[in-house]
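Peer 1: Copying in the features that Swiss-Prot gives for the protein in this structure:
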- Thr57, Asn122, Ser199: substrate binding site (BINDING)
- Tyr115: site 'Important for catalytic activity' (SITE)
Amino acid sequence: MSFSPVSPSQFPSVTKLQVDSVTFDPSVKSPASSNPLFLGGAGVRGLDIQGKFVIFTVIGVYLESNAVPSLSVKWKGKTTEELSESVPFFREIVTGAFEKFIKVTMKLPLTGQQYSEKVTENCVAIWKSLGIYTDCEAKAVEKFLEIFKEETFPPGSSILFALSPTGSLTVAFSRDDSIPETGIAVIENKLLAEAVLESIIGKNGVSPGTRLSIAERLAKLMTKNKVEEDASNHSIDEKLAKEN
């Protein structure tokens, strides 16, 4: 099923989010396409270490505007709780035919090797659980690791991923809060692109907070979209009634 592009007047109206002193703007331009994307949700990634929750990164997930009508077909009217607990809902976000963008901002310093090895480990686990790990994915993992090998990420720097509907994964880096106009590398592997996002917001994703934030914001946006659809259909029905 395809959806026509959303006009600027239909671009989702959302607020910025501040998560652990990191601010995510309500919209950004993708370094892969220059398309405007809206903030779907944001949260932290951390671990309990000796009884203390330590935050490593703060993550924001942006979506193309046609994600709202696309997801509304099946999910409008669902509550935040229903969406947050739904594996199929987040699979549909991961695999949907709309652009996604992920901004991962460091709270603690990480080397590129540390970050990329953990991400690819999670991706491989997802593929093996789905029975879809092939030589193509193994080569994509090698390229991913190579991109990050010499990098270091101090606090405040960001790793950026743009996922195109056709399946390419554009990688970019930022040393501050800015988003570069272009990426530094592109990996043409749809399963890797999807797995990077799924490793964050999927069933066993590393950021339950981001998952909940997306569920909450999309539940509201889909309800708003439904109200606008109903109003539009009502006005069409009225017009047809007058003509008849």
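Backbone N, Cα and C atoms are what each Cβ position is placed from, and that goes for glycine too.
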Peer 1: Residues other than Thr57, Asn122, Ser199 within 8 Å, Cβ to Cβ centroid, of the substrate site?
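Peer 2: The surrounding set, listed in chain order, is Arg45, Lys118, Val119, Val196, Ile200, Gly205, Val206, Ser207.
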Peer 1: Which Cβ among the binding-site residues (Thr57, Asn122, Ser199) has the fewest C-beta neighbours inside 10 Å?
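Peer 2: Each of the binding-site residues Thr57, Asn122, Ser199 was scored; lowest Cβ tally within 10 Å is Asn122.
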Peer 1: Sorted by position, what residues of the same chain at least six away from Tyr115 (site 'Important for catalytic activity') have a C-beta under 8 A from it?
Peer 2: Phe148, Phe153, Ile159
Peer 1: Over all pairs within Thr57, Asn122, Ser199, the annotated substrate binders, what is the largest Cα to Cα distance, rounded to whole Å?
Peer 2: 16
